[in-house]
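K.L.:
I have a structure I would like to understand better, so I am pasting it below and will then ask my questions one at a time.
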Amino acid sequence: MEQLRPFFLLLAIFVASLVNAEVHFHEFVIQETPVKRLCRVHNSITVNGQFPGPTLEVRNGDSLVITAINKARYNISLHWHGIRQMRNPWADGPEYITQCPIQPGGSYTYRFTMEDQEGTLWWHAHSRWLRATVYGALIIRPPLSSPHYPFPVIPKREITLLLGEWWDRNPMDVLNLAQFTGAAPNISDAFTINGQPGDLYRCSSQETLRFLVGSGEIVLLRVINSALNQELFFGVANHKLTVVAADASYTKPFSTNVIMLGPGQTTDVLLTADQPPAHYYMAAHAYNSANAAFDNTTTTAILKYKDASCVTLQAKSQARAIPAQLPGFNDTATAAAFTAQMKSPSKVKVPLEIDENLFFTVGLGLFNCPTPNTQRCQGPNGTRFTASINNVSFVFPKQNSIMQAYYQGTPTGVFTTDFPPTPPVTFDYTGNVSRGLWQPTRGTKAYKLKFNSQVQIILQDTSIVTTENHPMHLHGYEFYVVGTGVGNFNPNTDTSSFNLIDPPRRNTIGTPPGGWVAIRFVANNPGAWLMHCHIDSHIFWGLAMVFLVENGEGHLQSVQSPPLDLPQC
């Protein structure tokens, strides 16, 4: 009986967690809403008339039931970024991958449970460029049975910061123009914090966000990069930040002056209000790792100490100088040093016996035109921009979603399962690449994984067009980042430096510009799962692929049946 006590204790904890779990019901109405920014009013696509959209707050073990009602003029789907959706790809959301989009006038109810996840995630549209304005935070708190954060200190308050991009025109028009011309899309006109550009933009200072703190208070900042196309540096004037979590996974705490987030990534930091009472800028601006045009403006909000009754001219002047304390736009060394400090809090169970050893080249490319420099060939030297993984530029299907076709056993005409595990040609990936390798093939290709297979992927950046930090997001999974380096990956020497003890767990990771990153995971979640660059111009150029994880043979190892209201194409 003594030997069974640990079992009964675990069983009691499990039952208690089920008793305390809640089901949260929400209605998301997708609609056009007048939004004024930068002196102009635009009819923006929003959820429930809010920009950014509603914040979802739940606990580990809770469930969400969200009915999306499309009253806008575009097809749409919603993705719950970072939620694993165990055996439930039908709730994942990327259009034409796990569902057909919700058409205007239609609706769909997303149902899913937070299973052993807690921290900061977010949700967003996963249809074309609609996530420019359709996004919000998804906060998962610890369960009531164990409600405290495993932080070195307990925060007094929490502040959620959604970093975004704003175009002074309809983002869908920006995308459509780029798709027509083959050129790069126009850059954004502003960055935003919780939808507001801040003091440094026209017609914006009155709406600059202010967050009150008391002297000595410890604040948990939940920072989310919801920008469409830009990695961002973020910092708070004169304040140190202690990183405690990333992508809803706890980390070993470490101190830094600045954090860097790629689109899709989240970082939780603790801030101690230990400076003289005043107003301090929170600021974010671009980290631009590519040889390409970018938005070089800076968004701000204000951290206001409660006992700073007013702002003197001198204090305001000092605050306006704060953005200069952010790193330079192309400071790859700072970005890499920040990412390198990420580690799990303790030893983790990393896959060691690899069943699938995959090598993916990721990068841009150019399609040659029969008649260069026409209206539809406005890319470099009369070409059209593209992007690929292993020389395959992904094409989204239209007549059915991949998951629906896979489940129905009707893949013909929708997708094939011949995605290459390695690039078709070996070359100097980060060197001077022959122009003959700049043009990929097009295809809707998936790669099959056996259930419970242990997977390693080397994501290798290339210098085709430009080297760049590509934030790669894997749907349906979290993975361990076991290694990273510059130049071409060398399996004979680089593998020995892998961190197999306490690597960080992420759902989105950047490939260093001109370098590589190694990730590992166990394929224990059956379904169709998209892997793609979270820079949206890149995914629509084709920087994506799909994993098809087969059903297992045991109990609860197969994909659930699709819901009755699943949209049809």
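The backbone N, Cα and C atoms fix where each Cβ goes, glycine too.
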K.L.:
Where Swiss-Prot shows His126, His475 binding Cu cation 3, which of His148, His532 is named for the same site?
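P.N.:
Between His148, His532, Swiss-Prot records just one in the Cu cation 3 site with His126, His475, namely His532.
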K.L.:
Of His279, His285, His470, which does Swiss-Prot put in the Cu cation 4 site with Cys533, His538?
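P.N.:
Of His279, His285, His470, His470 joins Cys533, His538 in the Cu cation 4 site that Swiss-Prot records.
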K.L.:
Going by the Cu cation 2 site in Swiss-Prot, where His81, His534 are listed, which of the candidates His26, His42, His124 is also part of it?
P.N.:
His124
K.L.:
Can you name the recorded positions among Asn296, Asn381, His470, His473 whose CA is within 10 A of the CA of His534 (Cu cation 2 binding site)?
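P.N.:
Hits: His470, His473.
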K.L.:
Summarise the domain 'Plastocyanin-like 1' (29-145) by DSSP state, stating how many residues are helix, strand and coil.
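P.N.:
The breakdown for the domain 'Plastocyanin-like 1' (29-145) reads 6 helix, 59 strand, 52 coil.
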K.L.:
Applying the rule Cβ within 8 Å of the centroid of the Cβ atoms of His81, His124, His534, what extra residues of the same chain belong around the Cu cation 2 site?
P.N.:
His79, Trp122, His126, Arg131, Tyr135, Ser226, Pro263, Gly264, His473, Thr508
K.L.:
Which one is it: of the glycosylation sites Asn186, Asn330, Asn381, Asn391, which Cβ has the fewest other Cβ atoms within 10 Å in this structure?
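P.N.:
Minimum Cβ neighbour count within 10 Å, taken over the glycosylation sites Asn186, Asn330, Asn381, Asn391, occurs at Asn381.
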K.L.:
How far is it from His79 (Cu cation 1 binding site) to Asn186 (N-linked glycosylation site), counting Cα to Cα, in Å?
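P.N.:
Spelling it out, the Cα of His79 (Cu cation 1 binding site) and the Cα of Asn186 (N-linked glycosylation site) are 25 Å apart.
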K.L.:
I want to verify one value. Collapsing DSSP to three states, which class is Cys533 (Cu cation 4 binding site)?
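P.N.:
DSSP assigns Cys533 (Cu cation 4 binding site) to strand.
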K.L.:
List, in sequence order, the same-chain residues at least six positions removed whose CB sits under 8 Å from that of His124 (Cu cation 2 binding site)?
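P.N.:
In sequence order, Leu78, His79, His81, Arg131, Val134, Tyr135, Gly136, Ser226 meet the Cβ cut-off.
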